[in-house]
Every structure is written in C-alpha cells, then in structure tokens.
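Just below is one structure, and these are the notes that go with it.
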Amino acid sequence: MCGIVGYTGFQDAYDIVINGLRRLEYRGYDSAGIVLEDGNNKLEVEKTKGKVEDLVNISSQLKGKAKIGMGHTRWATHGVPSDRNSHPHLSNNGKLAIIHNGIIENYDTIKTMLTEKGFTFKSETDTEVLVNLIQYFMDLNTETDFPTAVRYALNEVYGAYAITVMHEDYPGVLVVGRLGSPLAIGIGDKEYFIASDASPFVEFTKEAIYLEEGHMATISLENGVDIRTITENSKIVPEIQKLKLSLEQIEKSGYEHFMLKEIFEQPKSVHDTMRGRLLVEEGVIKMAGIWDHIEKFKNANRIIIIACGTSWHAGLIGEYLIEEYARIPVEVEYASEFRYRNPIITDKDVVIAISQSGETADTMAALKLAKERGAFIYGICNVVDSSIARITDAGSYTHAGPEIGVASTKAFTAQLTILSLIALKLGKHNGNLGNADFMSLIAELDAIPKKIEDVLSSTHELVQDIAKDFINATNFLYLGRGYNYPAALEGALKLKEISYIHAEGYPAAEMKHGPIALIDENMPIVIIAPKKGHYDKIVSNVQEIKARKGKVIAVVNSGDTQVSQMSDYVIEIPETSECFSPIVASVPLQLLAYYIAVYRGANVDQPRNLAKSVTVE
Ligand code: M6R
C-alpha cells in the first residue's frame, strides 16, 4: 500500500526521493507526491494522480534544490485518487508537511474540532487532519516544539499509521512515527533515509533501524536518531540491524517483469527454503522454531492457520498436509473473518500465521486476538523482521528472497515447502509417519527444485502459445481435487488479479453443484489432473466438461494418456507425491496467468487497485 520515502543529508534529496518511490512502486498506488525544503526554509510540494513518472514530469524543476525531502505513493482510502488527495499534505499555515501510510480512524471527530477552531481542509483525507492537529498543538503553546507537537497529535489519534513530517522552521529534521504500518530508518554517514522498507536506500547503507510499534523518532543531522515511545516519551536505545538485502535482488535482472523473474527463481527459492532444514542423507528435518516448541505442537488440541489471499491458499494445503501426516486437527481461517467473529480460542491451540509480507493488517489483528486469548502463535513469513514475524512466539522464515511483483508466486511455493517440512517433522515426531514413508517423502521433497526447473524449461513456450488463444476470454474455471483443489483456487486468483479476467477455482466434484451450468464452448477450464490423487474421478469430471463442449486445459503428469486425449490443451509436469504436486503444478498456472495478462497489455507487476502489502483492513 502507500509508500514512504524521506531523506536528510548531503545528497540531492530530489533524486533520492524519486528513485526511492520508484523502488516502492511494487506496493501498489494511484498517486504520487514530493516535498522538499528548498534551502530557504520554504517547503515546495508537487503531487499528482498517476504514476511516479507523472510526478517526475511535473517536478523536475525541484532537482538539485534541496538536501532534505520526502515523497509518497498513495493507495486511496479516504477520498478518490486525485491531485488534491495525494500526499504530501500541508498544514493550514503551510509550515508543516506530512506523508502517511494507514488510516486515522477518528479523523472525523478531530476534523470537526479543528473546523470549529477555524481550520480549513483542501482534501478529503484523514492525513490532512493529522498535519493540522500537529499545527494546532504548536499554535496552542508556542513553547511546544515540532517533535513534541507530533507526539501530542499521535496520542490523540487511533488507527494505523506510519508517518513522516517536516517543518520549514526545523531545517534538516524529519519526525517519524509508527503504529501498525512499517517504517525503516537507514543510517548513512552524515545522512539518514526513511522508507516503508529498505529497498529505497539499500545502495547507500546496509545499516537500518526498524521502528517499533508505538515509537516515534526525531532524525536530524545534528543529533542523529532520537527514538521515544509515543505514549510516555521514554527514550529508547535503537537496535541497528545489518541489511542482507542486495540491489540485485530488487532489480529485474533482464526479465521483462518482476513476476516473470520471480516465477523463474522458484527452483532456487524452494531450495533456499529447505536449505539447512532438510537433511536427506541424515534423514532429518531441522527446524529450530518447531523443535523448541515441540510440546506445544504435540499437545495442541488443534492448529488454526490464519492468512489472507494466496497465503490462505497455502494454508489450505497446509491443512491437508498436517492432518494427513501429523494427524493434528487443523482449521484454516481468513484473518479478516477470524478477527471479527469472536472465535473460540484456548491456550491448547496453536495458531500458525502465514504472510509473505508479514504486514497484512487483518492477519496482524487476528494474531493479536489469538495471542490475547492465550494461543501459541507461530509465524511463516517471507519478510525478515516484519511486524507479524515480531509478534509471533516462534516461526520459520520462508527465505524466498524479496517478492516485488504484486502477484505472489515464489512466496507461495516457499510457503508450501515450509508447510511440507512442518507436517513431515511433526508426523515423524509424534509417530504418525513411519520412518520408511518419512524417508521417501523427504527424498521427494528434496527433488522438487529440479522438477520445477524441468517444468519451467519444458512448458514455458507451450504456455505462451496456449495463452495467445485465451486473451479474449471473459471467464475461466479452475478445477482440482484433494491437494490440488487449493492449487486451483490459487491458479484462478493469479489469473484474475493480473489479467482482470473473471476466474473461479472449485473442487472438481463441486462442479455438478452449480458451476457446470456455466460450461459451454466458450468456457475455458483449467483442470489439474496428476496421476496420484483421485485421477479416475478427475477423468469423469473431464468427460462431463467435454460433453458440454468446454475447452479443457489439462495439467497432467508426463506420459499421461487418458485425460490428455480428451483435453484441448495439455501441459505436462513431472510426477511427484500428491502432497507436493501443488508446488509443481502451480508453476505452469503462474506462467499461464502471466502470459495472458501480458498479451492483454496489463501491468502485471502492479495490477490495478491492488497493493503488495495490505497494511489497512
Ligand atoms: O503478505 P501476505 O501474504 O499476508 O498477503 C496476503 C494477500 O494480500 C496476498 O497473498 C494477495 O492475495 C496476493 N496479491 C496474491 O497474489
């Protein structure tokens, strides 16, 4: 969602802010803006609906003018995407500028109060209310300095925010605060960077402070970084982290899109997820997070998996895996439903949160609820040190590397890999999975990266040809059974989010209970039909589709004949255990969605209306 970049130092702030905003484009946004302090204690703002390049077109006169500034990419919440609603917002006296990620829930009440005091508003945003509240506190008592006024204001608001504020009478100073939305401070040599994640400043410094929940910081060239709690104003000694992120990881490396790069990275990312954990020759799975809390898992009444979107699909496959191999009951919940439905949670429950970004607001809130009610919380996150990773009791990182494309690909297969490791480890430990089966399953899991590599090379061109035939499709059905039912849901989500073609995933057997009514010669149906896993039943489903002239795109195992003969298009993947087949089968489905979207001219890395990390509910 919204992206924040700030800079104070000796370099040209314009270049750093604009390049930083380009790095944050992946988060999803609809408008962009910049404010600089021009060296004469005057704030200069440019902002526009549209992309960062639109901002560049109207703001290049600011280049070279300032050593301090900040910029924003906005994903609209309060008020439509427009020039007026774009950030930065100025206070009524024009002295303060703010950029904000999140939602101020009580902005209306504060706006009424400020309006009664004579303040006026140019935008419909909650953010403009906050900057005027800061001015209000400075006006109220002229002794109140800028950081103190920010603190007073933050104590009056509730909701979620990451903010950066500048004041024209405080040259070189940035004040930041955080509650619920991430914010990183890059520490350079006589310069400081602010950003929603470290990608905007990774080439300048490898040292960063991740601001904690409920903390604010005053950053100045003179006094460095002064961190305080927002409520108590207590001083905090910051923990400076060494960044592992490299520039190469956040660049396209010759691929046309990040999504394609990330699809092709999967042999490596799945391997990286298993690295140091799956030791086939020793016949063990080493996972400290699980092992250190093995009694919690062993004695759990049930495991509740909480997630959203693609991560929720991974959770469904996790349910199949854990119930099959560890025989522990599992429930999978949408975080957004769980948090509001007063669920029964006890201290005998283990909650597993799955989140690529580790910042999803609904998942975060659901976890807090589960924690309050005594559950043990385990996290599966890709982003190291993310908010979810920090509030969990224990967890496993997926180590898939930064995922920039909004459509999740390598993070999904990494999540499936972690869930496979967890299920097999728990099953082996609690005796539900015998040694011979365990050994054969871990050997198969170990072979998955090579199978993904084979699928990528054998299906890449074929899938492009298939995609060309469906660029004008208006609907798609995706069907699968067992482990591949969630894989069908995921295939459908990939297509709809980047190509804007309506697509639904179903368990194949559910077709007869409704969706079959949609099938005619214009309906493409992607069916996942590996040999292991209800193959005979799938054969019948394909017959039923063909009897109604549906167009079948079948994902089958190499050498398949029965389903292949009946299908209009056949994509072959190598055979593997049913439980791992979604990892392999998802790859051609990602490619299919990708190429259909590309041929339709869609912006695959930044699909309309979507954000990479959904930091508001
Ligand atoms: O970062 P998270 O895994 O918590 O994100 C959850 C969803 O927002 C995410 O998976 C979303 O559905 C993706 N756009 C799917 O490609």
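Even glycines carry a Cβ here, placed using N, Cα and C.
The active site, nucleophile annotation in TrEMBL covers C2. Counting every protein chain shown, the Cβ of C2 (active site, nucleophile) has 27 other Cβ atoms within 10 Å.
Annotation note: K612 (active site, for Fru-6P isomerization activity) sits in a coil segment as assigned by DSSP. What TrEMBL lists as active site, for Fru-6P isomerization activity is K612.
For 2-222, the entry in TrEMBL reads domain 'Glutamine amidotransferase type-2'.
What TrEMBL records for 293-432 (among others) is domain 'SIS'.
Mapped onto DSSP helix, strand and coil, the domain 'SIS' (466-607) counts 69 helix, 30 strand, 43 coil. TrEMBL lists 466-607 (among others) with the feature domain 'SIS'.
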Nonlocal neighbours by CB distance (under 8 Å) for K612 (active site, for Fru-6P isomerization activity), same chain, sequence gap 6 or more:
M1, Y26, R27, G28, S357, E403, I404, V406
Using DSSP, how many residues in the domain 'SIS' (293-432) fall into helix, strand and coil?
64 helix, 28 strand, 48 coil
